[in-house]
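Take a look at the structure below.
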Amino acid sequence: MPRTRKKKIPVTNTDKASSSSTPTSSRTVIRRFHVLLKKQRQLKNVSSANAEVLGEIEHEIDELGGLAAYQRMSSIGQGNDRGGGSEKVLIQWLIHMGLRKRETQGKLRLLEVGALKPDNYRTCMSWIDTTPMDLRSRHPSIVEQDFLLMDEDENRGKWDTISLSLVVNFVPDPRDRGRMLCLAHSMLAPDGLLFLALPLPCVENSRYLTFDKLQSLMNVIGFTEVQQKWKKGGKMAYWLYRKSEGDYKPLDEYRKKNVCRQGDRNNFAILLP
């Protein structure tokens, strides 16, 4: 009896929000979105931008499925089988720091940016007051909001902890990645905590970023490292930072890409605005 071949589904198909997409297909779509979104933003910032070129870019974004497809692929990339579930790391660190027993100070106010589920911290409801937020909400309890467009004055010093887990790497522009970290610093209360999670290759195999360079950048913004977790050959890297005073160093080196390593590397970078 002859075999029947299964029909291949293109990586841009958005009919099913299934996590069955392969890591390679997810990364392919996400990388293409990053390229298109970056070009779109650059053209929109130029008054003499070619309307036809901009239209072609926006048409391709629509062809890929628009923001819905981008969010779907992002959520697939954040699945438990691909480095997701990082809230467990943060919870353990907070418990280790004794913050579960701060009843007299009230609950920890946690802003969870890029939340895919509304109840990631349900086991900690007695001591953590979580506000889950995402660009495209998948649940009524998740606030639909672009973190970069939040009112800085309204949120200044408001949050005890901010989680940026697999969020910074999905921001297309390196300067917006830096602006996101600066905004988080502004929104944290004194001695507040920032939880940062990135795919390990963003730091371990980047042409423009190393572990030392990231630490130096975070110090300049005004963060002191409290915890770090990653392993050689792993998929993810996690950091916990405490809000502090920034290092008063010249900022120029953090505002442009500087090659840290040669060879076959990726181009992930974080720049100050």
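Using N, Cα and C of the backbone, Cβ positions are placed for all residues, glycine too.
Here is what TrEMBL records for this protein:
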BINDING   Gly114, Asp134  S-adenosyl-L-methionine binding site
REGION    1-26  region 'Disordered'
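Around Gly114 (S-adenosyl-L-methionine binding site), a 10 Å sphere centred on its CB holds 22 further CB atoms from the protein chains shown. Asp134 (S-adenosyl-L-methionine binding site) counts 24 other C-beta atoms within 10 Å of its own C-beta, drawing on all protein chains shown.
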